[in-house]
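Visitor: Feature table excerpt (TrEMBL):
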SIGNAL    1-18  signal peptide
ACT_SITE  T198  active site, nucleophile
BINDING   R226, V227, G228, D229, T249, G250, D251, G252  substrate binding site
Amino acid sequence: APLLLVVLQLAGAASAAALPVVINTWAFRKAAETAWRVLQSGGSELDAVERGCGQCEIDQCDGSVGYGGSPDESGETTLDAMIMDGNSMEVGAVADLRHIKNAIGVARKVIEYTKHTLLVGESASLFAVRMGFPYEDLTTQNSLSEYSKWLNESCQPNYWKNVVPDSSKSCGPYKRPEKVTYKEEQTISQRSVHNHDTIGMVVIGGSGTVASGTSTNGAAHKIPGRVGDSPIAGAGSYADSTAGGAAATGDGDIMMRFLPSYQAVEYMRMGTDPAVACQKVISRIQKYAPKFFGAVICANTTGSYGAACNKIPGFTQFHFMVSSPLLSQPTEQVVDCI
């Protein structure tokens, strides 16, 4: 046994390791405090993730989580969320969820009351109502004014390409041109810290049990029906109690193609330090999309953690929250982007 202890200490050398640990994307302090409080009062890791991300849904964190933010092209706010149990590897997720505020709560019910993993759209809302969630309007004065401002600015920015009329100058309805002439796509990420973000959270309990989750209202002015990385297991987040957990945030359309959370957990399984695992994932995406907006948080089962982000103009540092016995309270931490 003594040998094992030494190995664990070495593995956690890069960041002081202690359990339990809660780590979440961005400086969403109340979410971190809520998750930590749930753990301290005997709640499970899944409870902590659900309540922590749920806190952001209530607080409408940055306008990018929960109701009344990021209206789509028809002015509606729809939600994406997932939760994952690193013991059983079960996932519950909802995408394009309409009229229900507590998206991660519904995702948890998908695990508990169905044999499915992902429910979408209006049908997911019907499931939520069956589960006792209130059906309510997710539109607010704020999202309505954001929508009308966007319409008045010729629907800029939007996510169409190669269509007529020219989507960079005018509103739709768009259609395919008679003859397709593909323009070189702009590689600059239209998304920035201001028009899209997500809460992603990893909780590792005192015994090393891992849970993770995400919640978001997606990219502002997205094409209706668009689903990002957040509700996709391995993309938005991933949890495995034999290795660790990770969560991603940023330009989901690009990041989800690389399953960054799954990849980060696999690096940690091979013994890679969490900070390095996060960096490797970011640099892997950089090869294909050098100007993408995004960040990843990682934590292993010893309680060692780290984060990494892609450096672009206006985004040179990434702020995230950590709660652990080594800190007197949930603490904001910063990492320089690479």
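Just so you know, glycine gets a Cβ as well, placed from its N, Cα and C.
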Visitor: If you measure every Cα to Cα pair among R226, V227, G228, D229, T249, G250, D251, G252, the residues listed for substrate, what is the largest value in Å?
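Guide: It comes out at 16 Å between the most distant Cα atoms.
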Visitor: Rounded to a whole number, how many Å is the Cα of G252 (substrate binding site) away from the Cα of T198 (active site, nucleophile)?
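Guide: If we compare the Cα positions of G252 (substrate binding site) and T198 (active site, nucleophile), the gap is 10 Å.
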Visitor: Give the distance between the Cα atoms of the residue listed as 'active site, nucleophile' and G250 (substrate binding site), rounded to the nearest whole Å.
Guide: 7
Visitor: Please work out the number of neighbouring Cβ atoms within 10 Å of the Cβ of G252 (substrate binding site), leaving out its own Cβ.
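Guide: The answer is 29.
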